[in-house]
Amino acid sequence: MLEVKDLRVNYGAIQAVQGVDFTVNDGEIVALIGANGAGKSTILKTISGLLRPKSGTITYEGTRLDKLSAAKIVAAGIAQVPEGRHVFAGLTVMENLKMGAYSAPKTQAAQLTAVFEQFPVLQERRHQDAATLSGGEQQMLAMGRALMAKPKLMLLDEPSMGLAPLFINKIFAIIKAINATGTTVLLIEQNATQALQIADRGYVVANGKVRLSGTGAELLANPAVQSAYLGG
Amino acid sequence: MHTFFQQTLNGLSLGSIYALLALGYTMVYGIIKLINFAHGDVYMLGAFWGYYVINTYHVNFLVALVSAMVVTALAGMLIEYLAYRPLRNSPRITALITAIGVSYFLENGMSFLFGANTRNFPQAITQHNYDVFGITVSNIQILILVTSLVLMVLLQLIIQKTKMGTAMRAVAVDPEAAALVGINPDHVISFTFGLGSALAGAGGVLIGLYYNSIDPLMGMTPGIKAFVAAVVGGIGSIPGAAIGGFLIGLLETATQAVGLSAYKDAAVYVVLIVILVLLPTGLLGKNVKEKV
């Protein structure tokens, strides 16, 4: 579904991504794990069109993404939940969700029902300013907003960051549920254990390169991964 | 007391025009952080368009107003497309200097094409003065106030209730997240310029009726005063721009009323300095913390 080949991206003067290859197959949950500053977010931002690659290709269902605008990439069926949630402050929860369907107005009503089913708290708070939500609720809103675009591929950048442990479990359960409805997921996490537990496959990124890859279970069992990323 | 109410009315009429202009400044700033110094000249274009259609086609006030709004909206979008869009990723100072350049271009371009002389704006509406409890109220003043308020309510509806208006607010508060939900920033920026320029064009026609004279440099001073109004209200804040506009109009008339006509412009700039020193974010501006 998504194929990244020899991707190189500069972030200012820094070579943040130095030749990365990976694939995401239809229906999978794929996790990119690695330390802060490894280049994971840069990869995600390049896929969604916020950054341009220096070289390499990103192909999604046969289409080159690396030349398309962010708006066209969303329209092609890829929605990103950004790191730090980035809900629209000053807009109500409902307005945030409607903006999520900006490029998919035809399915807006159906998706809204689905999002409210998945996140009942958003329905309760639909008239509230998004900035007044708690961190966990903002994460749910950011995910709901991405779902409003009816994406085939959902990119999640550090969804568990800064959340209470109880909320973290909830967020990972929701990611699994979203995947079960047929949405492919590419997930970036520093919380490697939980990410690999729900992931079909994972890639370990360090210093702008993929160092290891395997199924979620393989990586969890790998001693090198354990010592470096799983606190074991 | 009598003079007070009379001057308040005069101040509100003038202030509503500043408010219309200030809204354009503040909306554009809210979206792309640019002080569009050519905005006052778009108001001049609106006045000239009104002058042209009323004289040539003898249209009524409403047709002149609406057509001027359409023409200036297109002009504003064209200016954005030609002058500012190529600089989207340049430093902010580059766009700012370009805005000053666009302003000179419009002022001198209009002087070159149509002459720099001052013209009498055709009276599409005959002025009548009414005596209300001893205060002289002209039908033109009422027209200006009502038209401005109607336009401000319409603007508020567009910004709060329409998809494009919501997208404007989304881009203003978080451009990156807006791109990630599929909002094309170019469309929103273009729309914002169109909306702001339409209000400026309306202001130009209204001021033509009110002051009866127009010239290619007429946008300079009101443009700067409207910018002051937007800063006083809190640049980026839409209600702030409206309030700031009325305040500047009232201040200017009050300065004249106490016999300091020669200092009416100076008073406005003094307010700008005081606000920048004491309340840099303006009356309704938000204290935005830079994110790391």
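Indices start at 1 and increase along the chain as displayed.
Backbone N, Cα and C atoms are what each Cβ position is placed from, and that goes for glycine too.
Here the structure is a predicted model, which means the values were calculated and not measured.
Database features, via TrEMBL:
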{"type": "TRANSMEM", "residues": "B:12-32", "note": "transmembrane segment"}
{"type": "TRANSMEM", "residues": "B:60-83", "note": "transmembrane segment"}
{"type": "TRANSMEM", "residues": "B:95-116", "note": "transmembrane segment"}
{"type": "TRANSMEM", "residues": "B:136-159", "note": "transmembrane segment"}
{"type": "TRANSMEM", "residues": "B:189-211", "note": "transmembrane segment"}
{"type": "TRANSMEM", "residues": "B:223-251", "note": "transmembrane segment"}
{"type": "TRANSMEM", "residues": "B:266-285", "note": "transmembrane segment"}
Ask   = Looking only at residues six or more beyond either end of the transmembrane segment (B:60-83), which have a C-beta under 8 A from one in the stretch?
value = 24, 38, 42-43, 45-47, 49-50, 53-54, 98-99, 101-102, 124-125, 143, 147, 189-190, 193-202, 204-206, 209
Inquiry  = If I count Cβ-Cβ pairs under 8 A between the transmembrane segment (B:189-211) and each of B:12-32, B:136-159, B:223-251, B:266-285, which range comes out on top?
reply    = B:12-32
Range from B:136-159, B:223-251, B:266-285 with most C-beta pairs under 8 A to the transmembrane segment (B:12-32) = B:223-251
